[in-house]
Amino acid sequence: MMEIMLKAKIHMATVTEKEIEYEGSIGIDEELLELSGIKINEMVLISDVNNGNRFITYVIPEPRGSRKISLNGAAARLVEKGDKIIIMAFGLYSKDEYKSPKILIMNSDNTVKEIR
């Protein structure tokens with residue numbers, strides 16, 4: 001049986017920008033995408049720690065090393081600049097192929113504190 005399991009998580013990232021007049025998406029620093037294994041255009045679940053909002057969007061890249069986490073379009077109405085968010089990507093796995101998720105624990109400046 002195939003099951004939907006957590007593939008990757010960027011924990012406690014800080015929202016650096018929001019742009020309502022945009023097509024939609026979450027922009028994530030390319031370095032963080034590479035470290036987490038989250039792909040461009042991948043569907044992600046976002047949880048805002050400050051206000052409890054949870055929503056689904058897709059990923060676009062932000063410049064490598066910029067430390068940008070930007071929410072765009074309708075999703076930008078659900079967060080504020082400075083909010084702490086959890087970004088989660090999931091995959092469909094068989095019991096035998098699933099190992100464990102890649103988890104990035106973030107500092108407040110969106111540098112990586114720890115990788116699990």
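Positions of Cβ are set from backbone N, Cα and C atoms, glycine also.
The model shown is predicted, which means the values in this text are computed figures rather than measured ones.
Annotated active site, schiff-base intermediate with substrate per Swiss-Prot: Ser25, in sequence order, evidence recorded as sequence analysis. For Tyr58, the entry in Swiss-Prot reads active site, proton donor, with the evidence type sequence analysis. Residues annotated as substrate binding site in Swiss-Prot: Thr57, Gly73, Ala74, Ala75. Residues annotated as pyruvic acid (Ser) in Swiss-Prot: Ser25.
Taking the mean position of the Cβ atoms of Thr57, Gly73, Ala74, Ala75 as the substrate site, the remaining residues of that chain whose Cβ falls within 8 Å of it are Gly24, Ser25, Ile26, Phe55, Leu71, Asn72, Ala76, Arg77, Leu78. Among the residues Thr57, Gly73, Ala74, Ala75 said to bind substrate, no two Cα atoms are farther apart than 10 Å.
Cα to Cα, Ser25 (active site, schiff-base intermediate with substrate) and Thr57 (substrate binding site) are separated by 5 Å. For Thr57 (substrate binding site), the same-chain residues lying six or more positions away in sequence with a CB closer than 8 A to its CB are Gly24, Ser25, Ile26, Met43, Val44, Ile46, Leu71, Gly73, Ala75. Secondary structure at Tyr58 (active site, proton donor), as computed by DSSP, is strand.
Mapped onto three states, the DSSP output places Ala75 (substrate binding site) in helix. Here the Cα atom of Ala74 (substrate binding site) is found 12 Å from that of Tyr58 (active site, proton donor). Most other Cβ atoms within 10 A: among the recorded positions Ser25, Gly73, that distinction falls to Ser25. Residues near Tyr58 (active site, proton donor) in space but far in sequence (CB under 8 A, at least 6 apart, same chain), listed by position: Gly24, Ser25, Ile26, Asn41, Glu42, Met43, Val44.
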